[in-house]
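This report concerns only the one structure given below.
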Amino acid sequence: MAKADYNKRKPRKFGKGARRCIRCGQYGPIIRIQGLMLCRHCFREVAPKLGFRKYE
């Protein structure tokens, strides 16, 4: 095997590295409600525009 073969990675199918935020590209805490695919930071910024309300 050549050295170039070691640098290729197969795409992840599960885990934190499998999904990324469609707004900022961050991996990690992803909100997938109704297919949003937003990280929690972006979700907090965009949630009122999407119609989500915060109840006390």
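Each position is counted from 1, following the chain as shown.
Cβ from N, Cα, C; glycine included.
In Swiss-Prot this protein carries:
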{"type": "BINDING", "residues": "Cys21, Cys24, Cys39, Cys42", "note": "Zn(2+) binding site"}
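Positions of the features from Swiss-Prot, shown on the structure.
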residue	record	Cβ within 10 Å
Cys21	Zn(2+) binding site	20
Cys24	Zn(2+) binding site	11
Cys39	Zn(2+) binding site	21
Cys42	Zn(2+) binding site	18
Name them in sequence order: residues not among Cys21, Cys24, Cys39, Cys42 whose Cβ is within 8 Å of the mean position of the Cβ atoms defining the Zn(2+) site.
Arg20, Ile22, Arg23, Gly25, Gln26, Ile30, Leu38, Arg40, His41, Phe43
Please report the three-state DSSP label of Cys21 (Zn(2+) binding site).
coil
